[in-house]
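Input: one structure, supplied below.
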Amino acid sequence: MSAVTPAGGDTTADRSWPALLNGLLDGRDLSADDTAWALDVIMRGEATDVQIAGFAVGLRFKGETVEEISGLVRTMYEHANVIEVPGKTVDIVGTGGDGAKTVNISTMSAIVLAGTGAKVVKHGNRAASSASGASDVLEKLGVNLELTPQRVAEVAEEAGITFCFAVKFHPALRHVATARGQLGIRTVFNFLGPLTNPARVKAQAVGVAHARMAPIVAGVFAERGHSSLVFRGDDGLDELTTTSTSRVWVVRDGRVTEETFDPRDVGIELVPVEALRGADASYNADVARRLLAGEKGPVRDAVLLNSAAALEALEPGEGALAERLRAGMDRAAEAIDSGAARRVLERWVAVSHA
């Protein structure tokens, strides 16, 4: 049995797996120090798969809290290969899990964002709910992802955009792989990636497919002092969707404000989700190339909208949310139509192989 004395020397409350798991099953919330301890044991390879699975399922059974996830985020960073990227940076990512198999909206949006002049540090992995993951598509577009952390940071300066491949920056997560794979269900580990960008990005647009978790994710960003837009489509997509309305949690100055957003308020007509459907990485990469070449249609609308969400997180404005997003969409459209976004990708490919 693993046990630890909490900070402050409280020897009457030694932490152990039975104590934590019983607490979860009794419906008691854990402290940030509790969850930080548990994940530290896990990431040092000192927990069994049964303990890991019990912890993950117990948290979901009870319902994760902002404080519990904040403790996990703290430990994730302690075990991560973090990098320093000077200046204001932004990330755009989805948690996955919506099962819609759409094209890679956040990946295309990241490139367009960089085309507007924003410095983008994207954190991602293999496929979760898209037909292919960010890394799969970027490889098909020619971006070299086999870079050292130091080189990843340098690429951000040279190209205005870079990609942190989660498995390379959070290697200690290998210890949860077996338990996660055998469980086959959503757990808190599905949400930690978007919360732990290795560059410690302070602005992000994050899509969350799970309704209960979206405001929790927003709360974690607020607790950490970030400027963020967290959203969930009322169709279940982990995007600012164009097939229905969305719920948006605007995080600013440590506070969270919830709003409803209708894409028709920015001139986008609703489309069926099939209009955003993707396929394998080669297909999705071709969609990205056509977008950057100026192709109009539902995919472009979705990319402009999500790019605007990230711009709003990076440079928060005043006034109605729809007005702020409309202004961001205009900037994103100019980045595409001027060729700036396409040139960003070309530069990214070149410097990633230098």
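Every residue number used here counts from 1 along the chain in the order it is shown.
In case you wondered, yes, glycine gets a Cβ from its N, Cα and C as well.
The 5-phospho-alpha-D-ribose 1-diphosphate binding site annotation in Swiss-Prot covers Gly94, 97-98, Thr102, 104-107, 122-130, Ala134. Under the heading anthranilate 1 binding site, Swiss-Prot lists Gly94, Asn125. Annotated Mg(2+) 1 binding site per Swiss-Prot: Ser106, Glu239, in sequence order, evidence recorded as sequence analysis. Here Swiss-Prot flags Arg180 as anthranilate 2 binding site, drawing on sequence analysis. Here Swiss-Prot flags Asp238, Glu239 as Mg(2+) 2 binding site.
Mind mapping these onto the model and telling me what they sit next to?
Within the same chain, the residues at least 6 positions away from Ser106 (5-phospho-alpha-D-ribose 1-diphosphate binding site) whose Cβ sits under 8 Å from its Cβ are Ile92, Val93, Gly94, Lys122, Gly124, Ala134, Ala205, Gly207, Glu239, Asn306, listed in sequence order.
According to its DSSP assignment, Asn125 (anthranilate 1 binding site) is coil.
Neighbours of Arg180 (anthranilate 2 binding site), defined as other CB atoms within 10 A of its CB across all chains, total 18.
Cβ-based neighbour count (10 Å, all protein chains) for Asp238 (Mg(2+) 2 binding site) stands at 29.
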Far apart in sequence but close in space: which same-chain residues, 6 or more away, have a Cβ under 8 Å from His123 (5-phospho-alpha-D-ribose 1-diphosphate binding site)?
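Those within reach of His123 (5-phospho-alpha-D-ribose 1-diphosphate binding site), by Cβ under 8 Å and sequence separation of 6 or more, are Asp91, Val93, Phe163, Cys164, Ala166, Phe169, Gly193, Pro194, Thr196, Asn197, Pro198, Ala199, Val201.
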With DSSP assignments reduced to helix, strand and coil, which class does Arg180 (anthranilate 2 binding site) get?
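Once the DSSP labels are grouped into three classes, Arg180 (anthranilate 2 binding site) ends up as helix.
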Comparing the binding-site residues Thr102, Asn125, which residue's C-beta has the most other C-beta atoms within 10 angstroms in this structure?
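Answer returned by the neighbour count: Thr102.
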Let me check the 10 A CB neighbour count of Arg126 (5-phospho-alpha-D-ribose 1-diphosphate binding site). How many other CB atoms are there?
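Taking all protein chains shown, Arg126 (5-phospho-alpha-D-ribose 1-diphosphate binding site) has 15 Cβ neighbours within 10 Å.
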Reduce the DSSP letter at Asp238 (Mg(2+) 2 binding site) to three states and note it down.
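The residue in question, Asp238 (Mg(2+) 2 binding site), is coil (DSSP, three-state).
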